[in-house]
Each structure stands twice: as structure tokens, then as C-alpha cells.
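Structure first, commentary second.
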Amino acid sequence: MWTRRVWLGLRASAGGRRGFPSKADPQGSRRVTAELIEHLERLALVDFGSQEAVARLEKAIAFADRLRAVDTDGVEPMESVLEDRCLYLRSDNVVEGNCAEELLQNSHHVVEEYFVAPPEKHMEITPFCLWTPPSKHR
Amino acid sequence: MLGRTLREVSEALKQGLVTPTELCQRCLSLIKKTKILNAYITVSEEVALKQAEESEKRYKKGHSLGDLDGIPVAVKDNFSTAGIETTCASNMLKGYVPPYNATVVQKLLDQGALLMGKTNLDEFAMGSGSTDGIFGPVKNPWSYSKQYREKRKQKSHGESEDSHWLITGGSSGGSAAAVSAFTCFAALGSDTGGSTRNPAAHCGVVGLKPSYGLVSRHGLIPLVNSMDVPGILTRCVDDAAIVLGILAGHDPKDSTTIQDPVKPFTLPSLTDMSKLCIGIPKEYLTPELSSEVQSLWSKAANLFESEGAKVIEVSLPHTSYSIVCYHVLCTSEVASNMARFDGLEYGHRCDTDVSTEAMYAATRREGFNDVVRGRILSGNFFLLKENYENYFVKAQKVRRLIARDFVNVFNSGVDVLLTPTTLSEAVPHTEFIREDNRTRSAQDDLFTQAVNMAGLPAVSVPMALSSQGLPIGLQFIGRAFCDQQLLTVAKWFEKQVQFPVIQLQELMDDCSSIFENEKLASVSLK
């Protein structure tokens with residue numbers, strides 16, 4: 001009978017039940033190298049800012065490493081829970097827009113209808129020719 | 001009047017027993033009185049009063065728009081509201097005023113609801129406490145309840161009244177507190193890993209996470225596109241059903257909304273329990289679960305069985321991996337979604353103008369808190385070329401296994417799953433902040449996030465008070481797009497358990513005008 005079995009289970013001591021990975025530190029946490037830090041900061045355009053943040057990343061990686069224990073042979077990745085349905089396409093008609101002024105209002109730095117960004121670093125102006133003189137060819 | 005259900009107040013408005021303006025003013029007054037809760041970031045007083053005026057005109061002509069006309073509601077501050085600041089409790093969007101309404105907000109306004117304000121949250125909805133936003137933490141109204149205070153007096157002496165306040169849970173803590181403290185009748189939250197259900201359980205209100213694809217996400221500032229869902233917080237299940245009926249449906253602006261036709265519905269009363277099969281996932285019985293929640297969970301299962309329902313133990317074998325899987329997928333999608341905040345088109349922009357990269361980096365350092373930055377960095381790690389297969393794709397495969405677990409259980413004849421919502425009742429803030437945000441989220445999202453990964457509907461219903469006088473809620477999980485059936489079961493349960501009303505007299509000066517019952521004795525519901 002359900003109630004008797006599960007009631008006993010619910011009252012059983014916690015020791016025998018493993019529904020949740022233990023909070024103990026897992027072994028072999030990946031070391032986050034200085035090179036990786038720089039690489040991630042550049043990609044994310046967010047800096048770590050402190051050693052604590054690096055430690056937090058290491059813990060996050062160690063936590064994620066637990067996925068290795070799952071057998072996913074032959075399992076397809078799931079991108080959306082709605083994968084069994086068709087993504088519809090609406091007709092290609094303009095239904096809204098013409099709100100440039102509204103949108104520009106939210107920016108701190110605009111010039112006419114442009115958002116202004118500072119230049120890329122290491123920007124070099126190099127002259128280029130569409131035409132190459134014949135002497136350069138063999 | 002404020003303690004009534006949506007349907008009752010709507011009826012009272014139609015009968016002219018109260019006007020939208022009176023209702024609006026009472027809620028505004030209550031928001032001021034409960035300011036200590038910090039539930040609201042923005043109180044849109046002028047807007048609400050104007051909406052109330054218009055609603056009143058409609059009622060006078062007998063042309064009310066529906067059940068929500070003239071009803072005060074609140075919206076979590078990660079939903080875009082035209083002309084009203086939308087901050088996500090972050091410096092990145094402080095001062096940002098959207099030029100459009102989120103679809104769900106527009107739907108509420110089209111029904112005549114009165115927008116009382118934008119509620120507080122964890123920054124960018126990342127967190128399970130509503131403690132990590134720039135406007136400060138939200139305090140659980142139950143901290144000031146008679147029920148809790150009486151229990152505390154028995155234990156501690158000489159402590160300052162306010163030092164032991166409790167968290168609301170998160171990340172939709174502001175919305176939950178707003179509803180719990182009677183400052184509105186319904187509030188929008190968002191739910192990515194439990195962010196609506198968790199604070200609902202801690203604040204003693206109903207928290208509904210609809211099926212993914214049922215409600216439009218257009219205008220909800222995204223966290224995890226494949227899991228985010230607008231959530232609904234109300235004081236009873238019936239109210240949640242009313243709001244869901246209004247919000248659900250295809251939105252051409254959100255291609256992830258299903259095209260199946262959706263109509264507002266009323267919840268039938270469950271009479272024949274013998275046809276109902278409740279599943280109890282055994283893996284949700286974890287060592288961390290408090291004995292009080294365990295005992296209530298068991299009591300609830302017994303209740304269903306004693307009324308004739310079939311109650312069986314089921315297995316969701318990949319449960320122990322779901323929090324890890326969620327962690328990888330969530331941070332990865334967050335890394336992608338947060339990339340839009342570069343200071344150029346909207347939001348915060350730093351003063352440096354040396355180069356684009358320097359500007360982006362400084363803007364994002366100034367705009368995001370540690371939690372957000374931490375998740376962006378973790379996400380970028382998992383998305384690195386050398387890690388993509390082993391972490392991101394791996395997590396996507398595990399996601400399928402988790403979703404499949406649920407499908408298998410529902411295919412075996414189970415209608416609804418019954419689980420705890422949280423590990424325990426709300427904890428004091430001082431205790432909550434001893435662990436960092438990621439650890440807390442991993443612990444607190446345990447019972448809720450698998451549902452987001454599978455895209456299923458789920459609802460947290462308050463069941464009873466703990467020995468400390470604090471609310472404990474239980475979660476019901478339904479089949480995909482069977483939200484109505486889920487809410488029907490939840491409504492039955494709610495009626496059985498008769499969860500007590502929060503007694504907030506100490507917090508409010510005059511309780512008589514808030515809980516007056518004289519006028520309502522004659523309200524008859526059709």
C-alpha cells in the first residue's frame with residue numbers, strides 16, 4: 001500500500017537516501033589559469049575583479065563536472081521543449097517600426113540618427129588600391 | 001475589501017459597493033504603510049489613479065472590460081513597461097524607460113487592471129532570495145505577522161524587532177510580498193528555475209508557472225530563453241486561473257508561443273477523486289528536506305488518498321543531476337543574453353571613451369553585480385570551443401533525459417505530481433547571506449528547476465504554517481499544456497487545507513478599514 005511504504009520512507013533516517021549530490025568538495029577541481037582568465041575576460045567583456053571571483057568559477061566548473069557521471073550515449077541534445085512543434089513563419093509584411101526617435105532617446109550618446117561608439121583600439125588607417133601595378137605580378 | 005478574492009472584488013465593483021479609485025487609494029496607502037518590506041521599486045501612483053478614473057467611467061456606464069477591470073496589480077521589474085522605469089534591480093538599467101509594454105503587461109492593461117508599480121527582485125532575476133538587487137532586499141511580510149511574532153516571543157528576548165526579518169525567497173520576492181501584504185490582487189513574476197514558486201511558498205501565496213509556450217515572453221527581459229516563463233502570484237488558485245486565462249495565448253511577437261487556441265476558463269470543482277492519480281517522486285525525498293516540510297508532504301499525499309485518489313510513488317531517475325544541468329544551461333544562456341548590455345543603445349554607459357572594448361568592459365563592470373558577472377563568466381567558460389561538447393551539449397543531452405523522465409511518469413497514468421516547493425520555511429536574512437548566491441540557488445531551486453527544464457506547468461500552493469508560524473507551500477506539477485487540470489487539482493487541495501490568512505495588524509495602523517466585512521456580507525457571486 002502506498003502510504004505505508006512511502007510513510008516509512010519519509011520517516012527513515014536521511015542516511016540511506018541519495019537524492020541529491022553531497023555538498024562535499026569534489027575531487028580534481030579544474031585550475032583556472034591566468035591565460036584562461038584573460039581569455040574569458042576578453043570574450044565576456046566582464047572582468048573577474050578579485051580572487052574570490054576566480055575561486056567561484058572554479059567551484060562552478062567543479063559543480064558542472066558532475067555531469068560526466070551521466071550516461072548520455074545515443075541521446076540527442078535538447079534545445080527546446082517545443083521541438084515537436086513547427087516554428088511558424090509569419091508573412092513578410094511590415095507591421096511596425098518607424099520609431100527611431102523613441103529608440104534613440106534611450107542612448108547616452110547619439111549623433112543625428114547614429115549611436116556613437118568610441119573607436120576600436122589598434123585602429124590603423126592603411127591605404128589600399130584596387131589596382132595592382134603590373135610589376136608586382138610574376 | 002483587500003483581503004477578498006479577485007472574483008469577489010470584481011463583483012463588488014460591478015455592484016458599486018466599491019469604486020476602482022477607492023480600491024486604488026487603499027492599495028496605495030497600504031503600499032506606503034508597508035514600505036519597510038521594500039517590495040516595490042517604483043510605485044506608479046499617478047498612472048494607477050488615472051487608470052482607476054477610466055475604469056470608474058466604464059463601470060458607471062456598465063461597460064466593464066472583465067474580471068480584472070479596476071483591479072490593482074503589480075509587475076516584477078524585469079517586465080518592460082512603457083513610460084515607467086524598468087531596472088531589473090540593476091545599475092545597468094537604472095533610469096531605463098522602455099518605449100513599449102511587455103505583451104503580458106499590455107494584456108493586463110487592456111483588461112483595465114490598475115498598475116500599482118514595479119516590484120523588487122534579485123538583480124536580473126538571478127537569485128533565490130530577492131536579496132541581491134541594487135535597491136536592497138525584500139522583507140517577507142510574515143516577519144511582521146502576528147503568527148510569527150507570537151512564536152518568536154516565546155523564544156528570544158531583548159532582540160530588536162527588525163533584526164531577525166525573513167527573506168521572501170526569489171527572485172520574484174517583491175511580487176510575492178506585494179500580494180502577501182494585500183497591496184495588490186495579483187502580481188507578475190518570472191520563473192526560470194523556480195523564481196515564482198519559491199517566493200510564493202515562503203510568502204504564503206499561490207505561485208503559478210505556466211507551461212512554456214503558453215504565455216508570451218515578449219518584453220520579459222530574458223535570462224534563459226529556453227526556460228523563462230512569466231509567472232503569476234495571487235492569494236488563491238482561482239485568481240491565478242483568471243489571470244492565466246487573460247495572459248495565455250499565441251503572440252506573434254514571441255515565436256516560442258504555441259499557436260493552439262486558448263480561451264479563459266473557470267476551474268471546475270473536483271468531485272470524482274477516484275479518476276485522479278497523484279505521483280510522488282521518490283528522489284525528491286532528500287536529506288536536506290526539513291522534517292516539517294516532509295511531514296506536510298506526507299500529510300498531503302494521505303489527504304488525496306483518503307479522498308479516493310490513487311497515490312503512487314514514481315521515479316524521476318535523473319533528479320540528482322538536474323540542478324547541475326540547470327546550472328550549465330542557465331549560465332550559458334545568460335552569458336549570451338547579457339551580451340546585449342554594452343552601453344550603446346540603452347542602459348548604463350561608463351564615462352570612458354578610449355576604445356569600444358574599454359567602454360564595454362567598464363560599462364559592464366559598473367552595471368552588473370558580482371552574481372551576474374559570475375554567471376556570465378561561468379557561461380562563457382562552458383561555451384568555449386574546447387568545452388562546448390563536454391559541458392553545454394552534454395547538459396542539453398541531460399536535459400532531454402530529465403524531460404523524458406517526466407514524460408515517462410505522465411505516460412504511466414499519473415495526472416499530477418506532488419512535491420515540496422522549498423526545503424524549509426523562509427529563513428532569516430542573516431542566515432541566508434552566510435552562503436553565496438550560487439550555492440543558495442543550487443540548494444533552493446532543487447525542487448523547482450527540473451520543471452523549467454521540461455517546460456511543464458507547476459504551481460505552489462500554501463498548505464500550513466510551520467511550528468514557527470511561517471508558511472510552507474507544496475508544489476503540483478502537471479503535464480505540458482494541461483494547466484487547467486493542474487489548477488483544478490490545486491484548487492481542490494487549497495480548499496481542503498484552508499491556509500490561514502496572514503495577520504498583519506501590527507504592521508498597519510488601522511486594520512479595520514482593510515479587513516472590513518460589513519459591505520461584503522451582501523455580495524453575491526453569480
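Glycine is treated like the rest: Cβ placed from N, Cα and C.
Owing to the predicted nature of the structure, the values given are computational and were not obtained by experimental measurement.
The annotation domain 'Amidase' is assigned in TrEMBL to B:27-145 (among others). Confidence in the domain 'Amidase' (B:27-145), given as mean pLDDT, stands at 96.
The DSSP secondary structure for B:K76 (active site, charge relay system) is strand. Annotation comment: TrEMBL describes B:K76 (among others) as active site, charge relay system.
Taken from TrEMBL, the feature region 'Disordered' covers B:146-167.
Here TrEMBL flags B:167-487 (among others) as domain 'Amidase'.
The active site, charge relay system feature in TrEMBL is assigned to B:S171 (among others). The number of other Cβ atoms within 10 Å of the Cβ belonging to B:S171 (active site, charge relay system), over all protein chains shown, comes to 38.
Annotation source TrEMBL lists active site, acyl-ester intermediate at B:S195. The DSSP secondary structure for B:S195 (active site, acyl-ester intermediate) is coil.
In this view, B:S195 (active site, acyl-ester intermediate) is surrounded by 38 other Cβ atoms within 10 Å of its Cβ, with every protein chain counted. DSSP classifies B:S171 (active site, charge relay system) as coil under the three-state reduction. Taking DSSP states H, G and I as helix and E and B as strand, the domain 'Amidase' (B:27-145) has 45 helix, 19 strand, 55 coil.
You'll find the Cα of B:S171 (active site, charge relay system) roughly 5 Å from the Cα of B:S195 (active site, acyl-ester intermediate). A straight line from the CA of B:K76 (active site, charge relay system) to the CA of B:S195 (active site, acyl-ester intermediate) spans 11 Å. All protein chains shown were included, and the count of other CB atoms within 10 Å of the CB of B:K76 (active site, charge relay system) stands at 32.
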